[in-house]
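In what follows, a structure is listed as structure tokens, so that the remarks can point back to it.
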């Protein structure tokens, strides 16, 4: 049996069941485990539900139960500078950001990793549903989590080889139901705690109300592609491409009874475009441009390859051809795709392996830019 007692693993503990079981499994495997709670958001001046204090109590309870030391570290400044400023800038530009991708890249696997090194860590570990596998050359490959419904490689796609070399994902081979069972068997304080939802720093708060505290909403016209005025929108930042709810025009029909969807935005004119039908022609595209292209292991500066891709979390894979030039890529779809959303991540896969990805800049239909922003 391997002696892991001299290998120190610092676990990012959120107060949830996944990170609790992560710490427990590593402790049972004989590692020298330290728990760390990250406080990334100052909730003292906000209305709504925020659970940071309660979450830290849960971390302390679990750490005491399994017999590991634990600390709390404050990354509020790093979070504001590296994640929240990006989040606001994307909304100002009419895009729909993905703060979870940026949070993993900049906070959980950069600021936290750096902090863990000061504690003498050999590795960091989190409760993400993903797997790492080292090949004979020492290169680490990131693989999808065994639980298809929980796989989180989409959100981890911007991690570097250097970060992956220092990372363990102890839950990657487990189903979520098994994780709950392990927690209940061990009697962990978090065994029955419900999973957190929504963007990390917003929690359960009303999104529109939250965003309006930081960005002034500018109302404007809501129109169909052919120029029919459908009323007023509350501010372009509140809508995302392909969105159905929250338009307030459910009773207005243009010749058919199909529901209305957001099909485009004109930032310069402050117009929100809407159309009827889930597969409205304005929502369909056959290629995209992406930037901030990043691979989890070394790749050529310029190359073309075929793979599968996801354009949003929990979406089935789609076949694509990718041409990479530096940190930019053109991605051509084998089949037309719906509601490709600027600001969201495009993530590349080769079977079970997550290769990396980038951020969507523009979607195209037959070579013409889609008027999504």
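Placement of Cβ uses the backbone N, Cα and C atoms for every residue, glycine included.
Residues annotated as ATP binding site in Swiss-Prot: 12, 13, 14, 15, 16, 17, 18, 19, 38, 127. Other Cβ atoms within 10 Å of the Cβ of residue 38 (ATP binding site) number 25 in total over all chains.
The annotation disulfide bond is assigned in Swiss-Prot to 103-200. Residue 103 (disulfide bond) falls within a helical segment according to DSSP. A sphere of 10 angstroms centred on the C-beta of residue 103 (disulfide bond) encloses 26 other C-beta atoms.
What Swiss-Prot lists as active site, nucleophile is 103.
Taking all protein chains in view, 25 other C-beta atoms sit within 10 angstroms of the C-beta of residue 128 (site 'Interaction with tRNA'). The site 'Interaction with tRNA' annotation in Swiss-Prot covers 128 (among others), and the record cites sequence analysis as its basis.
The feature active site, cysteine persulfide intermediate is assigned by Swiss-Prot to 200, with sequence analysis given as support.
What Swiss-Prot records for 344 (among others) is site 'Interaction with tRNA'. Using a 10 Å Cβ-Cβ cutoff, residue 344 (site 'Interaction with tRNA') registers 24 neighbours. The DSSP secondary structure for residue 344 (site 'Interaction with tRNA') is coil.
Residue annotation for ATP gives 12, 13, 14, 15, 16, 17, 18, 19, 38, 127. The furthest Cα pair among them is separated by 16 Å. The binding-site residues under consideration are 12, 16. Their Cβ neighbour counts within 10 Å are lowest for 16.
Taking residue 128 (site 'Interaction with tRNA') as the reference point, the binding-site residues whose C-alpha atoms are within 10 Å of its C-alpha, out of 14, 16, 18, 38, are 18. In this structure, the C-alpha atom of residue 18 (ATP binding site) lies 25 angstrom from that of residue 344 (site 'Interaction with tRNA'). A separation of roughly 26 Å, to the nearest angstrom, links the Cα atoms of residue 344 (site 'Interaction with tRNA') and residue 16 (ATP binding site).
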